[in-house]
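Chemist: Sharing a structure, written as structure tokens. Questions coming.
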Amino acid sequence: MPFLGQDWRSPGQSWVKTADGWKRFLDEKSGSFVSDLSSYCNKEVYNKENLFNSLNYDVAAKKRKKDMLNSKTKTQYFHQEKWIYVHKGSTKERHGYCTLGEAFNRLDFSTAILDSRRFNYVVRLLELIAKSQLTSLSGIAQKNFMNILEKVVLKVLEDQQNIRLIRELLQTLYTSLCTLVQRVGKSVLVGNINMWVYRMETILHWQQQLNNIQITRPASKGLTFTDLPLCLQLNIMQRLSDGRDLVSLGQVAPDLHVLSEDRLLWKKLCQYHFSERQIRKRLILSDKGQLDWKKMYFKLVRCYPRKEQYGDTLQLCRHCHILSWKGTDHPCTANNPEGCSVSLSPQDFINLFKF
């Protein structure tokens with residue numbers, strides 16, 4: 001350590017033998033130290049920022065990959081068992097299997113739409129869910145709902161049947177989504193709002209496709225409906241349960257129009273869907289003083305629900321509380337399992353999960 005007044009030298013440096021020189025030396029050394037420390041800290045911050053940015057990039061990339069996989073998923077979430085245990089008690093073991101969304105995931109609706117006996121049942125169930133139960137479904141159940149709906153639309157576009165039925169379903173769903181999207185921020189829909197806007201655009205696209213359907217005449221030149229005897233034609237028309245189908249059939253040919261205006265045909269249709277008390281409240285007379293059953297039918301439809309009829313339905317076992325399609329085996333301990341089963345309408349299915 002050099003004393004004050006002693007000649008102090010270092011390589012490339014020379015200092016005067018004064019206190020000012022020593023002070024200048026200390027100031028320069030301390031400034032160099034601070035500069036080095038500042039450089040080191042800046043380097044550490046730079047490295048940390050690079051590491052943080054790298055981690056953010058990896059997380060964002062993984063999220064984009066996950067979103068892409070989810071958006072491209074078109075398969076339904078299948079389960080090995082095609083039945084579900086319905087228990088209204090809030091037990092730890094069974095509570096997760098009592099919601100409408102869980103039932104919608106576990107029951108095989110994707111295959112059911114391929115069965116003509118179950119098609120109308122599934123479509124009616126989708127319509128009821130779209131009207132009032134869409135927000136009660138989980139995210140997975142909502143995705144399955146849209147996937148099944150897409151399969152229904154594709155089936156109708158391919159076989160050109162039940163067009164009006166699916167139009168009404170899509171219109172009901174679109175109207176419900178318009179209302180729900182306006183309530184964004186109130187936790188009424190699961191998922192990003194942009195995803196639901198995209199789904200609404202998809203629904204509009206499906207509606208356009210259904211409107212552009214051009215029904216082609218079959219290439220077969222065999223026996224047609226109009227070639228049948230009049231009694232057989234009338235017998236077949238009596239099996240139509242929707243008056244709009246009768247009106248559409250009467251527009252095909254003049255002879256069919258005459259049959260479609262048959263008073264007895266519309267009388268049976270009114271008596272099938274409505275009770276005598278409902279009919280007496282909506283009596284309409286024609287110009288000839290007779291009951292106009294056709295006008296009465298369409299007035300009754302606006303006032304009362306029509307009777308629902310399905311070739312196949314879901315059924316509930318009253319003994320073991322298991323819900324399944326008819327013909328599906330389930331672990332029932334009853335001596336006569338078939339006698340314990342009761343058929344459920346689509347509305348009964350919805351009501352089953354209202355606690």
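For all residues, glycine too, the Cβ spot is worked out from N, Cα and C.
Whatever TrEMBL says is automated annotation, not expert-curated.
Not measured: the values here are computed from a predicted model.
Annotations per TrEMBL:
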- 226-271: domain 'F-box' (DOMAIN)
Chemist: On the DSSP side of things, how many residues of the domain 'F-box' (226-271) fall into helix, strand and coil, could you say?
Modeler: 34 helix, 0 strand, 12 coil
Chemist: Quick one: average pLDDT across the domain 'F-box' (226-271), no decimals.
Modeler: 90
